[in-house]
Amino acid sequence: MAAVRSRHNGAPTVETETDNQIAKSHNNNNKLEKSPSKNGNPEKSDPMIYIIFVSLLFDLLAFTIILPLLPSLLEYYRQNDSSGLYAVLTDRVRWFQQLLGAPERYISVLFGGFLGSMFSFLQFVASPIVGGLSDYYGRKPVLLVCASGIALSYLIWACSSNFALFVLARFVGGISKGNISLCMSVITDVSSVKTRGRGMALVGVAFSLGFIVGPMIGALFAIFSDKSGGAWFVLPSLLAFGLAIGDLLVLGCCLRETLPKEKRVKEISSALSYGLQLLNFSAIFRFAAIKNVPKKDVEALRSIGLIYFLYLFLYSGLEFTVTFLMYHKFGYTSMDQAKMFLTTGVIMTLLQGSVVRRLPEAKIKGYAIFSLYLIVPAFVLVGLAEGSRLLYAGMTLFAISTAFAVTCLTTLVSKYGNDDQKGSVLGIFRSLGALARALGPVVGCIAFWCVGSRITYIAGGLLLIYPAMALQRARI
């Protein structure tokens, strides 16, 4: 869920892991916006879209296997960390724990938040740089490098007999996760305006399937693994490694280069300049890279961007801790958590496949407002829950809201900017989301650790009223 996170990233799903998507990284590629599909038929989707679908499915299945295992993994390292890193970090925060009277059993929640935020921050840093490099070297070679790094991270996880190696595995995985933004760039390269929606819909399906099936696989490993027998996580980590190798083979053998040399940036410094702008916090909030557009459009972009950031900041912090809530408060096993992921994933998949992709443009804002308001009672119910029935009710509302929110907000922001700036607008928008997901989990986990789950979820849910009201008042 940490991802339903993204869970889930086009939705939390599509954005989870996602949020780091950059539609295009440089204006040299803007001619592609108006180009027909590379297969010569503007109404027919390019086969490369389906290759990207398979690649993302392999990647997301591998990524989500760990989600229901994370609380148990941190408990394992708390008891079996030969590197001493877990003990050192525990000692560093113990004074804070004593000051606030926070329960020691929630220290794993705090560590989980730091790991989640580190992973997302590395994505925030890597995605624009990777996008710039792909504008110069081409999509395929950079995608292969990213996929190799992701595979290496799972191999390190399999060998992580101590907490330091596990942190290293997450670091390598996070810095390699620019593959998501590159996959979006490939779809942009080979799509026309009419067929791009189909490609993005397939991305949403890949995320939904990944976040349904992956946690179930991880839960099965958790159930049948003997946790008293040492490094019980080796088998799921090796499966994730195998899926990552499958992704690497698919990309290496089936993906063609979608950015021809004549359309690439001529100088690498030019390719990286736009990416580096996306690492400037002030610039991305101001949409400083968007020039020569009406002032009201810039103001609209800044309004939507701020709403999006605040929503994802609060959302990701609360979302990330749900796994720990189920583990610590409700005593959910890995299979119990996987059933929850399955329920929310199926709801989001059905809504995204049947309703969200067919929304008329005139109703996009209304549904975005509806989804932002709906997340408020969702988290309040989760905070108040003392049993599974109320928890499932809250998570059902969560899934419905998530199915609409990010997609609708992305559609709203994509209306602004000149034709040759759409890629830049979406790139900045995704960077705001990545930054929010980098900060949200650690803040949410600190609140969970300090004041408990009930206050954290209720307060966070009530704070989510502000983005909904801001969007309702915005003139966009």
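Heads up, the Cβ atoms here are built off N, Cα and C, so glycines get one too.
If you look up TrEMBL, you'll see 19-30 marked as compositional bias 'Polar residues'. The annotation compositional bias 'Basic and acidic residues' is assigned in TrEMBL to 31-41. The domain 'Major facilitator superfamily (MFS) profile' feature in TrEMBL is assigned to 48-476. Feature annotation from TrEMBL assigns region 'Disordered' to 1-41. Look at TrEMBL and you will find 48-70, 106-130, 142-168, 201-224, 230-255, 305-328, 340-359, 366-385, 391-413, 455-471 tagged as transmembrane segment.
Counting Cβ pairs under 8 Å to the transmembrane segment (340-359), the stretch among 106-130, 201-224, 230-255, 366-385, 455-471 with the most such contacts is 201-224.
Against the transmembrane segment (230-255), stretch 142-168 shows more Cβ pairs under 8 Å than any other of 106-130, 142-168, 366-385, 391-413, 455-471.
Taking pairs at least six residues apart, the transmembrane segment (305-328) and the transmembrane segment (366-385) share three or more Cβ pairs below 8 Å and count as touching. Contacts between the transmembrane segment (48-70) and the transmembrane segment (366-385): absent, as fewer than 3 C-beta pairs lie under 8 angstroms at sequence separation of six or more. Of the recorded ranges 201-224, 366-385, 391-413, the transmembrane segment (455-471) has the largest number of C-beta contacts under 8 angstroms with 366-385.
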